[in-house]
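Read the structure below first, then the notes.
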Amino acid sequence: MSSFSIAEAIFVLVITSVLGNVNAQLSSTFYSTTCPNVTSIVRGVVEQAQHNDIRIGAKLIRVHFHDCFVNGCDGSIMLDNADGIDSEKDAGPNLSTDGYDVVDDIKTALENVCPGVVSCSDILAIASQILVSENGGPTWEVQLGRRDSRTANRAGTTAIPGFRENLDELSQKFRDAGLDSTDLVALSVLIHLAGQDVQLSFTASTISTAPATRTRP
Ligand code: HEM
């Protein structure tokens, strides 16, 4: 897990500044009066989860990434199917995402203390920061105050980069999200080279536009 850290940190910082809810005024002290122990509560659940699943850090950062690429970081990926909601979880790009039960556990723990206060999108941001820091990466102040969407955008999940896409297609998706080619290389290549879970079609040193291939099912 520690090898994910730099890419994860960059990713979280980037999405905080670029892909956060565009109209929201985020602040590191957003919950200081309404839920002052939010970070320690998230930390407690996440640390427990790591005992049971050493890959939980990778899973949660990926959920955060997939959430943020569809209408910004609005927690919509957490919504299950319901009347009027076609969940994003069930869309092709998200079928192999995992870790939702841990987010549910964090949400439950927070609801017990500060009901109706902390958004799931902020939970993902806080959990990601904790997991990066606790696994040897840098630390930073998480900007908070994201609002969760009440609707899912399943069709919008096509904005999530796919492993069959070539460099031009991936670059376009990152541009659509307000990110540039440096972000693409820093986030995608580093994290996947580090984790050795997916062989993208290019690396930081050799750029080709052949489609990406998966090396781990
Ligand atoms: C070029 C864009 C990207 C593509 C095409 C891509 C594709 C994939 C694929 C196909 C997997 C394997 C899923 C499976 O096991 O079935 C994966 C895993 C993963 N991706 Fe990406 N990804 C991209 C960018 C990112 C970014 C920006 C992050 C976060 C910084 C990220 C984080 C992860 C993590 C942590 C895993 C491992 C999840 C686990 O072990 O459960 N990916 N990715």
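Cβ coordinates come from backbone N, Cα and C, glycine included.
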Q.
Need the cross-check against TrEMBL: the disulphide partner of Cys114, picked from Cys35, Cys68.
A. Cys35
Q. Whose Cβ, among the binding-site residues Asp67, Asp74, Glu88, has more other Cβ atoms within 10 Å than any of the rest?
A. Asp67
Q | Nearest of the recorded positions (Arg62, Pro161, His192) to Val70 (Ca(2+) binding site) - Cα to Cα | A | Pro161
